[in-house]
Amino acid sequence: MGAKYVVVGSGIIGLYTTYCLIKFAKISADQITVVYEFSSGDQSINYTSPWAGGNFSCISPNDPETLRFDKFTYTNLAKLQEDLGGPTCGLDYRPSTEYWDFIPNEAKINSLKTYLKDMQVIPRSELPHGTAYGIKFTTWDFNCPFFLSNLSGYLKSRGVTFQQKKLTHISQAYLTANTKAVFNCSGIGARTLGGVEDIKVYPTRGQVVVVRAPHIQENMMRWGEDYATYIIPRPYSNNELILGGFLQKDNWTGNTFASETEDIIKRTTALLPKILDRPLDILKVAAGLRPSRHGGVRIELEDAGEDKVLIHNYGASGYGYQAGFGMSFKAVQLLVSYNQNRVKSKL
Ligand SMILES: Cc1cc2nc3c(=O)[nH]c(=O)nc-3n(C[C@H](O)[C@H](O)[C@H](O)COP(=O)(O)OP(=O)(O)OC[C@H]3O[C@@H](n4cnc5c(N)ncnc54)[C@H](O)[C@@H]3O)c2cc1C
């Protein structure tokens, strides 16, 4: 079994990290083991990735590093899509419109202008009542559960080992004496996993309503000061449309609430009335915990002694799909630089 490189976590961050190890660091897939409590096909409130909408939007923070993670992800997803066999892997382009009740951060808009396909600022006269700014562009949409299944299937087909095992301490991830690097992609689990126990990690709970709506093939988002309303079509999903949502800090419940479902339907159908051109066909209501972190994501290398390293990559909050590829590229670069410096210091 290949355990020279161990990735803890089989959510989108663990899978992006594994892909980056193979693609960019040129690590042989048979030297990598992904260790996880939950993976594609499993459902738990402690496993966030299947519950995401998910798309690329303006939800992420505006600091320069996150802007770079977003840009890297947006511009590199086409290669990943190709490796997974094209759009039917559950990742495809769709049109998107985003509105704000306030003027959004200028650095963010300027950054988006450098790479988003078909980006247009909506003239003020065309903005819906109560909004102050709007853009249109072509975005990436993920059919999250299906995409996770296809990405993990691709990694397995390349020779990556997947091992189901709940860790109580990060030291257990050094599976053999030969394990050189562990990537900690444990999401919300980073708060309780022994040896990590990061108290800066907290949940931002969301609830979504999944409806069948073949007539809606576009995204629409509205950002308020204290709310977010969004509509996300899931590509190659038998016409699932995600209606959301909520951003509830420090709320740990996986329960769902009828009052929140009602509120989501009210807000999303006001934003895009044509949802109601067909009777509302509700398939499911679900809740998920975004793995947020005070101070932002943690992408950091720790020396674990005896030529071993621990590289953290977690805290992606509500933007793991849209920024996580860039985050994972950085995490893998930390390993590449560490190895290069070690070689130099031995010369
Ligand atoms: C309602 C909702 C909507 C969202 N919409 C979007 C969107 O549109 N776009 C977007 O980019 N993002 C979206 N997100 C955010 C996105 O889902 C997260 O950022 C992402 O899933 C985080 O991935 P992760 O791999 O860090 O965590 P997870 O998916 O939770 O994976 C963590 C992994 O670590 C493993 N693990 C943890 N602890 C242990 C342990 N002790 N032992 C072994 N294994 C362990 C788990 O089993 C799991 O495999 C949304 C989230 C929610 C809830």
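One is the number of the first residue shown, and numbering goes on along the chain from there.
Glycine is treated like the rest: Cβ placed from N, Cα and C.
Note that this is a predicted model, so its numbers are computed, not measured.
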TODO: According to TrEMBL, TYR230, ARG290 bind D-dopa; so which of GLY195, GLY318, GLY320, GLY324 is the extra one listed there?
DONE: GLY318
Open item on the list: Counting across all protein chains present, how many other Cβ atoms fall within 10 Å of the Cβ of SER49 (FAD binding site)?
Closed with: 28
Open item on the list: Rounded to a whole angstrom, what is the C-alpha distance between TYR230 (D-dopa binding site) and THR48 (FAD binding site)?
Closed with: 18
Open item on the list: Tell me the Cα distance separating GLY318 (D-dopa binding site) from SER49 (FAD binding site), rounded to the nearest angstrom.
Closed with: 10
Task: Where the record names TYR230, ARG290, GLY318 as binding D-dopa, the maximum Cα to Cα distance in Å - done: 16
